[in-house]
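Among the features that TrEMBL reports, domain 'G-protein coupled receptors family 1 profile' is placed at 42-293. Residues or ranges marked as transmembrane segment by TrEMBL: 27-49, 61-83, 103-125, 145-169, 197-226, 238-260, 272-295.
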C-alpha cells in the first residue's frame, strides 16, 4: 500500500545488492573497496602534488584539482554505504539519507561536467588564442569556474529531492542500485511524477547535454586550428596536449550514457548488471582521471615522487 512520507516516522528504501554475495559475486565488494582505496590515494596524491609545487598552479592543473576533489566527494558519498550493504547486510536507507545521497550524486556530477567544459575551453584558448591565454584564464577566473561549477550543480539539482519529498511511495520500495538515483527513486512513487520527470530531464539536458555539445564544438574548433599547421609533427604535438582531457571526458560521459541506457532499456537485464553499471559510473572517473593525468604529466610524476622521498 502507498504511504505518505509525512505520515511515517522513518520511511526507508532497500538498496540493491547482487544476489549470492557469499558465492559467485563475492569478488564485487573486494573489487569495489580496492577501487575506492585507489581513487582516494590517486586523487589525494594529485591534490598534494599541485599544492606543493608552485609550477603546477596553472589553470589546467587547478581544474584537475577540482576534478580530484569532486571525484573524492562523489565516491565518498556512495562507496562506504555500499560496502556496509555488501559486508554488513545493511540494505535499508532512510528517506532523508536517500534524498541527500541522490542530491549529492547529481549535483557533484553536474559540477564535474562543468569543470570538464572549462578544461575544454582552456585547451581551446591555449591552442587557438595562445597570446590571450594568460589574460583570459588567470587565477581569479579559475576560482570563479570552481564556484560556478558548485553553484550550477546545487541550483539545477536541488529541486530533484524537493519534488520527491511530498510524494507517496509504494510496496517494498526496492531500488535497483546500491545507492540512490533520481530516476530509480522516482519510479517507486505511487503518484503523478510528471513534474519530476520533466524537470529531471530538463536539468540533465541543460547541464550534461549542453556541456557535451559545447565540448564537442570546442574540439571541432581545435581540430580546425590544428589542421592549419603545416607540419604533421607540429600537428601531433599540439593535439597531443588534448589527449589526456579527451580521455577524461570519455571516462565521465561513457559510463553516464551507459547507465542511462541501462535505466531506459535494461528492465529485463539481470540485477547484477544494474549494480555493476552504477558502481562503474561512480568509480571509473575517480580512478582513471588522476592516472590519466599522472601518466601524461611529467611534472605531476616528479612532484609525487619527490613527496614520497620526503616522507621516507
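Any Cβ shown, glycine's included, is placed from N, Cα and C.
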Long-range CB partners for the transmembrane segment (27-49) (under 8 A, at least six residues beyond its ends), listed in sequence order, are 18, 21, 56, 64-65, 68-69, 71-72, 75-76, 79-80, 82-83, 86-87, 275-276, 279, 283, 286-287, 289-291, 293-294, 300, 303-304, 307
Note to self: Could you check whether the transmembrane segment (145-169) packs against the transmembrane segment (61-83) - three or more CB pairs closer than 8 Å, residues at least 6 apart in sequence?
What the structure shows: yes
